[in-house]
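Participant: Starting off with a structure, shown below.
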Amino acid sequence: MSLISIGNASNLLVNCPVQWKCKSFTVFRGSVRPEWKIRRESVVKAALMEVGRSGMDFGESGWKEYQEDFERRFRIPHLTDSFPELSPIPSTFCLKRRRPIIDDYFDCCPSAEQWNGYVNNDDRVLLKVIKYSSPTSAGAECVDGNCSWIEQWVHRAGPREKIYFRPGEVNAAIVTCGGLCPGLNDVIRQIVITLEMYGVKRITGLRFGYRGFSKDVPEIPLSRAVVQNIHLEGGSLLGVSRGGPNTKDIVDSMQERGVNMLFVLGGNGTHAGANAIHEECRKRRMKAVVVGVPKTIDNDILLMDKTFGFDTAVEEAQRAINSAYIEANSAYHGIGIVKLMGRSSGYIAMHASLASGQVDVCLIPEVSFNLHGPNGVLRHLRHLLETKRSAVVCVAEGAGQNLVEKTNATDASGNIVYGDIGVHIQQEIKKYFKNIGMLADVKYIDPTYMIRACRANASDGILCTVLGQNAVHGAFAGYSGITVGICNTHYVYFPIPEVISHSRQVDPNSRMWHRCLTSTGQPDFF
Ligand SMILES: Nc1ncnc2c1ncn2[C@@H]1O[C@H](COP(=O)(O)OP(=O)(O)OP(=O)(O)O)[C@@H](O)[C@H]1O
Ligand SMILES: O=P(O)(O)OC[C@H]1O[C@](O)(CO)[C@@H](O)[C@@H]1O
Ligand SMILES: [Mg+2]
């Protein structure tokens, strides 16, 4: 094996015994995992294991094998995998209708020749659009030293000409899990509206996440009339929760209720659940599909341009940053601190800092920092007060967790509950300036839940609309165990495991983080 470089080419160099066979490449089956960064030896080991697992030998034509492996991994599961005998029927989704929708009408839709509105099953979208010329190019992801161009195609989302469910037999259910996120109601609304466009009559909302599958939680019948205005408010019409029943009980409940089309809105955890439900349905030979819609303001789902709610979160976060700036700038030696969400990914903090242009120090989970010492954050804040009289710090909730006391607590889903880095930084700043006898007026703003409870802004509203509609198109097309996403501005279907193998994180070597550093002017605090 000719592994000499992982992640960005500069991350790690391992001597290669057979020089001419050496290749420098990035293991980008999900890029470098955060836990790999702990120790160099473990990075090498984990990378070798990963390459080994993929069964690839990156020889001269390694890129071809990578490409084939990619195609295999990104194939999306279909009902016909288990039921090869199923034959599709012409779609009932048609925007050229001249009559109102009647149950199971099949006669009013023109064929594809008459209406170019259907997506072909073989249509694809390119996942990566940059051709790197060298592994040392900023952000390069290469499988060999030449950075050979690999075409990575993923399935295009949208309505198909042939569908695998008659609308009259569909019993659809929608569930929203995890934490709140702007846009949940927009997606619920679009799923319901699109299902009705296909002619579906039985649509149910399950309440409070996966807990809604329990017998004692009443469900909500959904229709266009019920969801018409729900997008005007934040939150979720259906409610959310963490934890809840196991996969077997969920699928038992689906069978009891006769649910054969399940739409699951949630983050990484929810999607792991959705994939398990899909597998269990397959095992039980149920003619049922499970389709996810990624929901996370943290923007921590792999491979997508962004997830819905993120834009809104960034926009709202700026209000808090602006307030912190005004407070700090109006005070004598003012320091404003804003804590934003981001359990393991600092996207909201990074983008809000970039957007506001008012942040002097942006701290994210992906980049370690010292508070104390000559290169620490506190010393830099002192410099800022001395030179520009005020400073604004924007910190993601998952940043600097090595500096705060561990809580050892987990939430109902098993996620670790973090210590409050915002409060910790506030206290440390106060202590530091008191000790050096310098006045500092510290104001701390934690807008996290205010941001999460907002209604979606216009850009997220559009994203939610497209994702919700595509979820329904995917389900009718017979795909299951998939999720919808936006990729290079086009809309696609991904197999769930590929987007949740780990959390998407800010790459400290990415151009975006470099832009953020350029904008704030902060040093590296080490
Ligand atoms: N590995 C898993 N397998 C099956 N179900 C899971 C798994 N992880 C989490 N879940 C279930 O998914 C639901 C949501 O999980 P979680 O609370 O982690 O939120 P999430 O979907 O990751 O969203 P958020 O971004 O808000 O954290 C919970 O009901 C939880 O029980
Ligand atoms: O308080 P809750 O509901 O557990 O949610 C907090 C978490 O939810 C998230 O917003 C993700 O949805 C994280 O950023 C945050 O850690
Ligand atoms: Mg989660």
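Just so it is clear, glycine is given a Cβ too, placed from its N, Cα and C backbone atoms.
These numbers come from a predicted model, not from an experiment.
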Participant: Which one, Glu386, Glu397, Glu405, Glu498, is listed by TrEMBL in the same substrate site as Thr296, Ile297, Asp298, Met341, Gly342, Arg343, Tyr449, Met450, Ile451, Arg452?
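Facilitator: Candidate listed by TrEMBL for the same site: Glu397.
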Participant: Which of these, Gly168, Gly179, Gly334, Gly336, does TrEMBL list as part of the ATP site with Arg242, Gly243, Gly267, Asn268, Gly269, Thr270?
Facilitator: Gly179
Participant: Whole-number Å only: compute the distance from the Cα of Gly269 (ATP binding site) to the Cα of Thr296 (substrate binding site).
Facilitator: 11
Participant: Using a 10 angstroms cut-off on Cβ to Cβ distances, just flag whichever of Asn268, Thr270, Thr296 is the loneliest among these binding-site residues.
Facilitator: Asn268
Participant: Starting from the ATP site formed by Gly179, Arg242, Gly243, Gly267, Asn268, Gly269, Thr270, give every other residue of that chain whose CB sits within 8 Å of the mean position of their CB atoms, in sequence order.
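Facilitator: Counting only non-site residues, the set is Cys177, Gly178, Gly209, Gly266, Ser413, Asn415.
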Participant: Hey, how far is Gly243 (ATP binding site) from Thr296 (substrate binding site), Cα to Cα, in Å?
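Facilitator: Gly243 (ATP binding site) to Thr296 (substrate binding site), Cα-Cα distance: 17 Å.
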Participant: Just going by other Cβ atoms within 10 Å, which of the binding-site residues Gly179, Gly243, Gly267, Gly269, Gly342 has the emptiest spot?
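Facilitator: Sparsest of the binding-site residues Gly179, Gly243, Gly267, Gly269, Gly342 by Cβ contacts within 10 Å: Gly243.
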Participant: For Met450 (substrate binding site), what is the tally of other C-beta atoms lying within 10 angstroms of its C-beta?
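Facilitator: A count of 14.
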Participant: Would you please pick out, from the binding-site residues Asp298, Glu397, the one with the fewest other Cβ atoms within 10 Å of its Cβ?
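Facilitator: With the binding-site residues Asp298, Glu397, fewest surrounding Cβ atoms within 10 Å: Glu397.
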